[in-house]
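Novice: Take a look at this one; I'll ask things after.
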Amino acid sequence: MEKQIARQFRQKVQALLEDESERDTLYTSLREYHESMSLSELITDLRKVVNSPDRMELFEDVRPLIPLKHQVEYDKIVPNRLAKARIVKLVKNGPDSLGFSLRGGVEHGVGIYVAHVVPSSPAEISGLRVGDEVLRINGYSVNESTHEEIVLLTQSTNYIEMKIRHIGMLPIKRTRTDQLRWEYVHPVPGSPESPNGTVLGEVINNMSNGAPSPKMGKEDRRVFVNLEGTPGLGCSICGGPAYKPGVFVKNVKPGSIAEEIGLKLGDQFLDVNGINLTHADYGEAISALKGSKQLTITVRPQEGEELFKDNIIPKKSIHLDNESQPQDSEEKRAEREELERLRQIAVDREKKRQKKETEEREAEEKKKQEEEQQSKLQKRKSEEDDEEISRQLEQELLNLSLTQQKLDDEKKQEESRKHQESRTQAQRRESERKEKQTRQELDRLSEHDKKRRKELELQQKLEEQNRLQQEKEERMRIHRLQQEAKESEREIQREQQWLSQEAEKDLRKPNLIPSPPKTYMSPSAAQGVRN
């Protein structure tokens, strides 16, 4: 398995890195990392090799070679080539800037990238970051758009919806003849490197002209004008004196486009469509201003106002419109001839510049072809070295895999131990819970038994009292019956005595006349008759 990973990694490296020295740098950095385990040094070395977005997949290929304990930190530092695109929405309120600038364009062979974000601006608040690649603006793809078209598109509306993806790199090109290169926008934690903020903030215009654009001041502003179907800008310009060079607004025609965009007497044009005018001659200024119907002008308000207050007005000036001007003046004709001469000079300079660029491109292509041939020879020569390096890398990967396997086993054992402890604790808690429930149940049953015994004792007492009461009543009833029986016997005895006494009395009397038999009545019967 490790040999297969090493073989696939070697194939990807050979496909992405044609230069042998770059491959050696990559392999050397991996070996040093496995010895020192310094992640910051590894990423610093990788950035020297991954020097363009099309090589960023190397970061993903190197990731399996990083131990698990460093992979989380590794993912935080390196750019994610597979990061999902996100939507950023910006709304412009009034004249305030949205706080971001773009660079690139199809004319430079690159896409559109966010080069600068002003702190605490709407752009930063909405989540825009330096190093974001712009994929769409208001639903339109920007893959085939020039820088000027993108600038006009973002300035023509107050609502911008951008689909972006964070790359973490920016294209750098200080002059037109420089070779395009890429620079990371974030430093590696723990390393002394830092992004070049000056270059990142000024590259928008540097890629359009040979001279770097002037830095914008706090009061400087950038205006965008489309002159299609219009008579012209509607103002006249002039060059400044030797001690204050530049291009200044000499006159603004009422009701013109220049008046609408806020141009005033003494305003200085710093650059036009990326062409620096701070030290440009008269011909270059005219060529820049009349060379396109779509103008992007950086204006410094009333920078040359004192020139006109002190009547230090240059003789040469030109109207930036297409309307007919008063003729039949020798000075006007001379001015037009001078203008034509300067325009021809500008055209000749442009032709020479293009010819020079063509020669440089041809020389560069020839040099590149020679380098490719030399690279092929070196590649053929270094195949054996690559095989040796690959074997070493396979061995290192095997060692790393064994180490990783050991760490994984230890981690599994630790997890198993923790799991067993957690299960033991859970069982102990469950046992304690059941024991507690049992004690509570026994206590509850004990209380119930006590209560039941009390009730039984009370019931027995009541029954005993009832039994005693019944016995007492029975004894009283029997005693009453006995008394009544005794009373009846005494009454019978009294009646018998009375009867005997009466009988004796009758025997003592002479029996002269027979008398009817007497009816005897006992005292009790007599008492009943009386009642």
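A Cβ is built for glycine as well, from the same backbone N, Cα and C atoms used for every other residue.
Remember, TrEMBL labels are computer predictions, not curated facts.
Sharing the features that TrEMBL gives for it:
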- 87-157: domain 'PDZ' (DOMAIN)
- 222-292: domain 'PDZ' (DOMAIN)
- 312-322: compositional bias 'Basic and acidic residues' (COMPBIAS)
- 312-531: region 'Disordered' (REGION)
- 329-374: compositional bias 'Basic and acidic residues' (COMPBIAS)
- 406-494: compositional bias 'Basic and acidic residues' (COMPBIAS)
- 521-531: compositional bias 'Polar residues' (COMPBIAS)
Novice: Where DSSP helix means H, G or I and strand means E or B, what are the helix, strand and coil counts for the domain 'PDZ' (222-292)?
Specialist: 13 helix, 26 strand, 32 coil
Novice: Tell me, what is the mean pLDDT of the domain 'PDZ' (222-292)?
Specialist: 81
Novice: Per DSSP, what is the helix/strand/coil residue tally across the domain 'PDZ' (87-157)?
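Specialist: Going through the domain 'PDZ' (87-157) residue by residue, I get 16 helix, 27 strand, 28 coil.
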Novice: What are the helix, strand and coil residue counts for the compositional bias 'Basic and acidic residues' (406-494) according to DSSP?
Specialist: 89 helix, 0 strand, 0 coil
